[in-house]
Amino acid sequence: FEMDEDEEDKEEDVLSMKSRAPPAGSDPDTFIYMKFMKSHCCYDAIPTSSKLVIFDTSLQVKKAFFAMVANGVRAAPLWDNKLKCFVGMLTITDFINILHRYYKSPLVQIYELEEHKIETWREIYLQYSINRLISITPDSSLFDAIYSLLKNKIHRLPVIDPASGNVLHILTHKRILKFLHIFGCMIPKPRFLQKRINEVPIGTFKEIATVQESASVYDALSIFVERRVSALPVVNEEGKVVALYSRFDVINLAAQKNYNNLNMTMREAVASRAGWVEGVLKCYPHETLETIIDRIAKAEVTTDTQHRRTKQLLRGAKPHPKHNTTTKRHKTGA
């Protein structure tokens, strides 16, 4: 096949890194990925085709979450028609916080979910959070995007065109990792990728957040709120992992209209999931970091050989960015 000019330029840029020596005193392995991320802008990581849903803040909260389920998205930028600008994001975390805050019993309707508008929820919730939209420009480097995600402890970063004010994409850790995978074969492979997962200083190895099969969905929501984790291993009485319950599973309560019955057990909640398959994808502490990263899009926990101990995966740390780098704009096909 033939590459277009953009792809040829990108390959030349990436391959040229192999001949550049890292700064004196720096870790060559760290330099590889750092340079890669600084040499590519956020626009590069935007897929050729993707779905973006935008909500007006005057929309009812319940309708917004139903729309998220219908479109299979996990977050949506919020447009304030009075201010004529984007003011925030509506995410699954908001749905969890609303349910956790206002749920009383299966016999009591959650008025705040049924009747509140997004702007009403924001007025209440923003008393306890940052009242600003954290975003990035398409010309900003991926290094800056990673730094912003980590610094602000957020999972989604809107890419906003400063000229038009339009949201182009919502950048996530997963999307950046996928971009790295697409072009990772063109750069030297860091040696730390060959280390076993129990040898590298990342991940959670103590006080793992889990939820019992017999616990209620509300108990799981409480753990999500308190521990700020993205998924919970569901364990039986023997401590064996039997399923994984993620934040995204919570939004399915809206699709199934089960959000008024948070007293159901985790066993029931897992069994009621659409397309549920018995068991849980996993990897093992003796496997290499490279192997686990390759599997991370599907697997969210690791276990030992007895399936007893669970380890939530991969919180990488990045150095503070020193400068911005812009490049040509071209898309990945993934």
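Just so you know, glycine gets a Cβ as well, placed from its N, Cα and C.
A TrEMBL annotation is a machine prediction, not a hand-curated record.
According to TrEMBL, the protein has these features:
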COMPBIAS  1-14  compositional bias 'Acidic residues'
REGION    1-23  region 'Disordered'
DOMAIN    47-107  domain 'CBS'
DOMAIN    129-189  domain 'CBS'
DOMAIN    204-262  domain 'CBS'
REGION    303-334  region 'Disordered'
COMPBIAS  308-334  compositional bias 'Basic residues'
Helix, strand and coil residue totals from DSSP for the domain 'CBS' (204-262) stand at 20 helix, 14 strand, 25 coil
Using DSSP three-state counts, the residues of the domain 'CBS' (47-107) come to 22 helix, 17 strand, 22 coil
Residues in the domain 'CBS' (129-189) per DSSP class, helix first, strand next, coil last, are 24 helix, 13 strand, 24 coil
